[in-house]
Amino acid sequence: QLLILCLVTVINSENSTDNSTENTIENEIENATETELSEAIENETENVTETELSEAIENETENVTETELPEIIENETKIEALNLPQNPKQKYCKSEGQYCSRTIFHRCCGNLVCQLHGFFNGTCVQCLAERKFCIWSSECCSKRCRLFRCRKNPYVQVIPY
């Protein structure tokens with residue numbers, strides 16, 4: 001309905017002298033079904049050329065003032081700093097087997113943890129192996145983190161095959 005109102009407003013402003021055209025267009029819009037309107041919109045968007053799009057983008061970027069840019073960048077960095085990836089659908093998290101570090105920008109997705117191989121570089125894994133650097137017991141496969149290392153769990157018995 002909002003789209004219809006916008007179309008009517010634009011059409012009215014362009015053809016303010018021709019009342020008969022306005023009435024005809026208004027009647028057509030009122031009688032048009034939603035599918036007809038969506039088809040018309042799709043046809044219009046398909047007819048837009050690349051040059052028209054690039055011109056529109058250039059005009060939009062020219063309208064951004066220099067004072068707006070630092071504010072936008074500052075707000076974006078604050079949002080990204082709060083974005084600690086725990087959900088696999090999030091933008092900047094790493095999946096299993098990918099490079100990771102224990103920084104904000106290279107976290108593992110979901111329940112994956114970063115198994116460090118060096119000073120800050122590692123690989124995302126399901127759980128940390130024995131003697132790997134840990135902070136929480138839940139990160140270790142053994143579920144036992146002592147003195148920042150994953151330790152053997154004496155309560156878990158390994159059954160030989």
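Glycine too: its Cβ is placed from the backbone N, Cα and C atoms.
It should be emphasised that the depicted structure is a prediction, and the values quoted were computed from it without experimental measurement.
Between Cys127 and the candidates Cys109, Cys141, Cys145, Swiss-Prot records the disulphide pairing with Cys141.
Checked against Cys127 (disulfide bond) by C-alpha proximity, the recorded positions Asn121, Cys134, Cys140, Cys145, Cys150 yield Cys140 as the nearest. Annotation note: Cys127 (disulfide bond) sits in a coil segment as assigned by DSSP.
Proximity of Cys150 (disulfide bond) to non-local residues of its own chain (separation of 6 or more, Cβ distance below 8 Å) is seen for Leu128, Ala129, Glu130, Arg131, Lys132, Cys134, Glu139, Cys140, Cys141, Ser142, Arg144, given in sequence order.
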